[in-house]
Every structure is written in C-alpha cells, then in structure tokens.
Amino acid sequence: MASVLWLQGGACSGNTMSFLNAEEPNVVDLITDFGLDLLWHPSLGMELGKQAQKIFWDCAQGKRPLDIFVFEGTVMMGPDGTGRYDMFADRPMKDWVTDLANAAQIVVAIGDCACWGGIPATEPNPTDSTGLQFHKRERGGFLGPDFRSKMGLPVINIPGCPAHPDWITQIIVALATGRAGDIALDELHRPQTFFKTFTQTGCTRVQFFEYKQPTTSFGEGTRTGCLFYEFGCRGPMTHSPCNRILWNRQSSKTRAGMPCTGCTEPEFPFFDLAPGTVFKTQKVSGMIPKEIPEGSDHLTYMAHAAAARIAAPQWSKEDMFVV
Ligand code: SF4
Ligand code: SF4
C-alpha cells in the first residue's frame, strides 16, 4: 500500500477539482483497487487542526513512511523570503515542503503552478512564487536543480492548468504500484507518455492547418479552418495529449473552437497576459506568425505555407463536417 500526502500551496484548487473528476480510475478506485493510502488531502482529509498537523509532523520526521508527496500550487517565498504569505498548520508552507519533499520516496508536482510557478509567478510575481524544481523554464525552483527524492528521482512534473484527471491518476497509479522506473521523463521532468506529442496530434483541424486555411471566428459551432493563423493557437508547439486523451472523454479546446493557450509549457501564460496577446496570433510584418511549429524555421515555414495555400483543395475551404 503506497502512502500519499497531497498539500496545496499558492493554488486555485483547479488540479484538485480535476483529480476529483477522475473516472478511470476514480478517487475511490484508487483507494480500494489500487491500495492508495491517502494520508491527507485538502478536500478529502478527515483530520483537522492538531490531528492533521500530527500526520504532517509524523511524515516530516520519518515516524510515518511517506511514499508519494504530491504538491499543487506554487511555493510562496514572500515576503522577503519568509514564506509568511502562505501559512499552513502554524508554519510557512515552504517549510512543510522542504521537510516533506526530503522525507518522501517520490515527489510529484501537479499543475503548472507547482511545476514552474504558472500564473502566480508571472511578473511582477508579488508573492515571490516559484515551482518545486523549475522557475518557468529555468532549473532550480524552490528545491533546487539537484534535488532528488529518497528514491533518487527528480520532482515528477505533471503540468497543465489544470492537469487532465487521467494524467494525474495514471502517474499516481504507476508510482503506487512500483513502476516509477517505467516513467520516462523529458528534459522538463514531464512523463513522456503524455508530453512527447503535441496538442495538435489528433486535432480535428489538422487538415486545415496543412493547407494553411484559417478560421475567421472561434467558439462553439466553428468547425472549419485552423486556429493557428488568427487566434494564437499554440497546438503545434505545445506538448500535451489533449487531442489523444480527450477532456470529459469527448472533446478538447481546439475541437470546441478554442485555441490551445499552451498551458503545459513553462512559459504559460505567454506574453505576460498583455492586452491583445491572448487569443491573437502574434505576427511579423503583419502576416508571418512570430512563433512557428516546433522544429521548423521561418524560411522553411513560409515556403511550405505558400505551396500549401496554392495546393489547397476546395474542400479545405468549406465545412466538411455534416450533421
Ligand atoms: S494549430 Fe491548433 S487548431 Fe490548428 S490544427 Fe493545430 S491544434 Fe488544431
Ligand atoms: S488544449 Fe492546450 S491550453 Fe488546453 S488544456 Fe491542452 S495544452 Fe492546455
């Protein structure tokens, strides 16, 4: 039976909500079928006050074995490095994080905030927030670049704003059943099984992307065209399985006519949320996308785009989905 302790730092609880929405397995299945010993969780823990504090201290002091320490939200360092912006169980949360990360066999960061700081760490970052082992794309974060858990692993990052329920539960199940060694991580410590492909992989608009056919409006009911050219879709440069492992088992942002905003990448939210940068493709010379699909360069992209537009068949300019 693997013991799991889940704490929240600077967070909106979005990843907890996502976790509670898990279906295959759901949270009860995790406990009954996969033998998860959920020591405490902010929304599920039964203990309060001193009783809860005893669990944390017992884990921190090694009196109670802690297999998996899950952290959601940022580590708040402010003000002035005291961590007192986020007090929890009579201590700055950052002190709990230090003790519990060092006591755990495995440490898992759930969601952008815990992975790399997310929205709270966006400049001017008033709470001096950071991620567990990254600050945006820079290695380090709160625990430092060389941190390794007792099992010798770096922090396992499951990003997203929020992370999909399946990304969370499948990794927790793998860890709880002793398969940590099977989880290949990328250079940002993300499990490759989820984060090697792009949001674009499996997108129903990819044929419009291939023929460089834009959509002119977004939202519900928009079925034709690709959101890359006008609406800032980051699908070709965002590593996520959102069109392979669908949300609510039935859809994704791009399928619903909304651009991918790149929430699994450390730079999210891009452009510091400046007016006119969200849902809008940033362009050079008014027409060339400033950011192009990963692995391409501007010259090659432009040549390919010009040829694709010339070759575009009529169907790629029409609604091909018939209901
Ligand atoms: S750019 Fe976005 S909308 Fe277009 S095909 Fe890629 S993921 Fe789909
Ligand atoms: S489609 Fe993009 S923004 Fe939406 S959840 Fe997936 S990676 Fe995040």
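The backbone N, Cα and C atoms fix where each Cβ goes, glycine too.
Summarising the annotation, TrEMBL assigns [4Fe-4S] cluster 1 binding site to C12, C113, C161. For C12 ([4Fe-4S] cluster 1 binding site), the Cβ neighbour count at a 10 Å cut-off comes to 17, with all displayed protein chains included.
According to TrEMBL, the feature [4Fe-4S] cluster 2 binding site maps to C203, C226, C233. Listed in sequence order, R205, V206, F208, F209, K212, Q213, P214, T215, C233 are the same-chain residues at least 6 apart in sequence whose CB falls under 8 Å from the CB of C226 ([4Fe-4S] cluster 2 binding site).
Taken from TrEMBL, the feature [3Fe-4S] cluster binding site applies to C242, C260, C263. In this view, C260 ([3Fe-4S] cluster binding site) is surrounded by 26 other Cβ atoms within 10 Å of its Cβ, with every protein chain counted.
Annotation source TrEMBL lists domain 'NADH:ubiquinone oxidoreductase-like 20kDa subunit' at 12-175.
Sequence annotations record features per position, and here TrEMBL assigns domain 'Cytochrome-c3 hydrogenase C-terminal' to 195-269.
Residues from the binding-site residues list (C226, C233, C263) with a C-beta closer than 6 Å to any atom of ligand 1: C226, C233. Note on proximity: of the binding-site residues C12, C113, C161, C203, the one nearest C263 ([3Fe-4S] cluster binding site) is C161, by Cα distance. Candidate binding-site residues: C12, C203, C242, C260, C263. Those with a Cβ under 6 Å from ligand 2, in sequence order, are C242, C260, C263. The binding-site residues examined here are C161, C203, C233, C263; by Cβ neighbour count within 10 Å, the least packed of them is C161. In terms of local Cβ density within 10 Å, C113 ranks first among the binding-site residues C113, C242. Secondary structure by DSSP for the domain 'Cytochrome-c3 hydrogenase C-terminal' (195-269): 9 helix, 6 strand, 60 coil.
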